[in-house]
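Below: one structure, written as structure tokens.
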Amino acid sequence: MSYSWVGPPTAFNGTNEFLGGDSDSENLNQWYQSGDQAYIIIASAMVLVMVPGLGFLYSGLARRKSALSLIWACMGSCSVITFQWYFWGYSLAFSQYGTSGFIGDLSKFGLMKTLGAPSPGSPLIPDLLYAFYQVSMQFCAVTAAIVVGATAERGRLIPMMVFIFFWATIVYCPIACWVWNVNGWAFKWGVLDYAGGGPVEIGSGMSALAYSMVLGRRQEKMMLNFRPHNVSLITLGTVLLWFGWLGFNGGSSFGANLRATMACWNSNLTAMFGAATWVLLDWRLARKWSMVGWCSGCISGLVAATPASGFITPWGSVVLGIVTGVVCNFATKIKFWIKIDDALDVFAEHGVAGMVGLLANGIFGASYIIGLDGVNTGLFNGGWIQHNYKQLYIQFAYVVAVTAYSFVVSAILAYAINYIPGLKLRASEEAELLGMDDDQLGEFAYDYVEVRRDYLAWTPAQKEPSHSEHHIPQGERHGISQHSQMLEGKEPSESSGEQHTGIGGDRHGIAAEKVEHES
């Protein structure tokens, strides 16, 4: 049984290129298949889940005293970006009326001239839906949520929200215009970037690295025995990201078509081979299987699939997953060489993986994969496997341009905001010791963090509660000795006899061990 593709009920007549027609007198939905529109709305909802997914991932990777602040940072950035995108972001990135090749104009300011005409990204969906998909916790909002991971455990939240608004305006929007706007220089040059290896992945990775550089390293005295505080949260965040990524990459075909299916297949292949590779590399060192390693490899694979899943073959995705797992695993060491405290490895897992995925398009790109959406049939050449050898240097030049622009402009912006009174990026040393949840929010991810700081938490257990007023000396009100020293106005010591040891134990456990040895 076979049938012919008939397209939308009615071909767009072009009588109103700005709005698609007059909705008072005609049905603007006639230009589109309802299935395509429904699919992209669902994909937008799927990608919405990625923002809290990033929050849970970052929260689990941090220590418990700063766990909630990272969830807040991700959700807060979503609010900021939604406003920015509605206000002028969509226009700066996608307005087809700006012809500079580097950034759009303000013709679509506040969603003006954005309604029922075919979108700049694909004739399969209307402009209004395309605008929603591009911000709907998909490209711009998810990218911003990735960047805010740079604040981990020492960054103030409000200065980061200010940074993220202007970052979206002068970093994200220009890069998105380069490669996705019909007038962008990279689009015209033939760069292959399916769902955002440049604007989303390299942009977020390099911007987070620049912000971390300006922010400075965490206090070394607090890094003893540091490890993620909640691996279950890391796994939950990874699974939510994985689910959303199928809407992220599948939806970038802008219709319910074979290219969307291929993108989902390629995304899963790259993610799973990346995860397996990362776990094996970690096993060779510890002779233990790592859940955090699996999550890191899975995310790196999904990142690499972002620019490539709609361009390359399935067997190319297998190769890409293995290469990405190896490269990104070793890339986590770069932060030690350059002495920048990228606490959550945003650069290694997003920036580097995005570069690898973009370069893969120059090798494994195939025109028959690109044409599966029924729109781009015969319009793009593939990569080396189809003897289009120049595609690799085009991809490489694009990677260099995005890397340099995003890092330099983000660093300049972060330095500028840091010098504005009241917007210093970094919290105080005392705040870092207490944790960002206490300093920035006054709320905690876990109630026992607050309970332990209650005065009565440090009183000795008695058979009968004392009726007299409890008095705990100022220096004994916190479990970590450096906290107590700072509250007494003293310089925090590098070490004490009762070091805080992260999730591996606490000073009470150390005291118990002492008693055991003495007996």
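Yeah, the Cβs are placed from backbone N, Cα and C, and that goes for glycine too.
Since we're looking at a predicted model, the values are computed, not measured.
According to TrEMBL, the compositional bias 'Basic and acidic residues' annotation covers 464-479 (among others).
Residues annotated as compositional bias 'Basic and acidic residues' in TrEMBL: 505-519 (among others).
TrEMBL lists 39-446 with the feature domain 'Ammonium transporter AmtB-like'.
The region 'Disordered' feature in TrEMBL is assigned to 462-519.
Distant neighbours of the transmembrane segment (38-58): 70-75, 78, 125, 129, 132-133, 136-138, 141-142, 145-146, 149, 152, 233-234, 236-241, 243-248, 250-251, 254-256, 260, 295, 299, 344; these residues of the same chain sit at least 6 beyond its ends, with a Cβ under 8 Å from one of its Cβ atoms. Annotation comment: TrEMBL describes 38-58 (among others) as transmembrane segment.
Per TrEMBL, the feature transmembrane segment maps to 70-88 (among others). Proximity of distant same-chain residues to the transmembrane segment (70-88), defined by a Cβ-Cβ separation under 8 Å and at least 6 residues beyond the stretch ends, is recorded for 51-52, 54-56, 58-59, 62, 106, 109-111, 131, 134-135, 137, 140-141, 144-145, 147-149, 151-152, 157, 160-161, 164-165, 168-169, 436, 440-441, 445.
According to TrEMBL, the transmembrane segment annotation covers 128-150 (among others). Through the fold, the transmembrane segment (128-150) approaches residues 37, 40-41, 43-45, 47-51, 54-55, 58, 70, 73-74, 76-78, 80-82, 84-86, 89-90, 93-94, 108, 111, 114-116, 119-122, 160, 164, 167-168, 172, 176, 195-196, 199-200, 203-205, 207-209, 211-212, 215, 244, 247-248, 251, 254, 342-344, 346, 350 of its own chain, all at least 6 residues removed from its boundaries and within a Cβ separation under 8 Å.
Long-range neighbours of the transmembrane segment (162-182) within the same chain, counting only residues 6 or more positions beyond its ends whose Cβ lies under 8 Å from a Cβ of the stretch, are 77, 80-81, 83-85, 88-89, 92-96, 98, 101-104, 120-121, 139-140, 143-144, 147-148, 191, 193, 196, 198-199, 203, 207, 211, 398, 401-402, 405-406, 409-410, 413-414, 417, 423, 425. The transmembrane segment annotation in TrEMBL covers 162-182 (among others).
For the transmembrane segment (194-216), same-chain residues at least 6 beyond its ends with a Cβ under 8 Å from one of its own Cβ atoms are 139, 142-144, 146-147, 149-151, 154-155, 160, 163, 167, 171-172, 175-176, 178-180, 186, 248-249, 252, 263, 303, 306-311, 340-343, 346-355, 357-358, 361, 398-399, 402-403, 406-408, 410-411, 414-415, 418, 425-426. What TrEMBL lists as transmembrane segment is 194-216 (among others).
Here TrEMBL flags 228-248 (among others) as transmembrane segment.
Sequence-distant contacts of the transmembrane segment (260-281) (same chain, six or more residues past either end, CB-CB distance under 8 Å): 39, 194-195, 242, 245-246, 249-253, 289-290, 293-302, 304-305, 308-310, 312, 314, 317-318, 320-322, 324-326, 328-329, 369, 372-373. What TrEMBL records for 260-281 (among others) is transmembrane segment.
Remote same-chain partners of the transmembrane segment (293-312), defined as residues 6 or more beyond its termini with a Cβ less than 8 Å from a stretch Cβ, comprise 57, 192-198, 200-201, 234-235, 237-238, 241-242, 245, 248-249, 252-253, 259, 262-264, 266-267, 270-279, 281-282, 320-321, 324-325, 328-329, 332, 345, 348-350, 353-354, 356-358, 360-361, 364-366, 369-370, 382-383. Marked as transmembrane segment by TrEMBL: 293-312 (among others).
As annotated by TrEMBL, transmembrane segment applies to 318-338 (among others). Outside the transmembrane segment (318-338) by six or more residues, the chain places 269-278, 281-282, 296-297, 300-301, 303-305, 308, 312, 345, 347-349, 352-353, 356-357, 360, 364 with a CB less than 8 A from a CB of the stretch.
The feature transmembrane segment is assigned by TrEMBL to 350-372 (among others).
Positions annotated as transmembrane segment by TrEMBL: 392-417 (among others). Nonlocal intrachain contacts for the transmembrane segment (392-417), taken as residues 6+ away from its ends with a CB within less than 8 angstroms of a stretch CB, comprise 159, 162-163, 166-167, 170-171, 174-175, 178-179, 186, 189-193, 198-199, 202-203, 206-207, 209-211, 213-215, 351, 355, 358-359, 361-363, 383-384, 423, 425.
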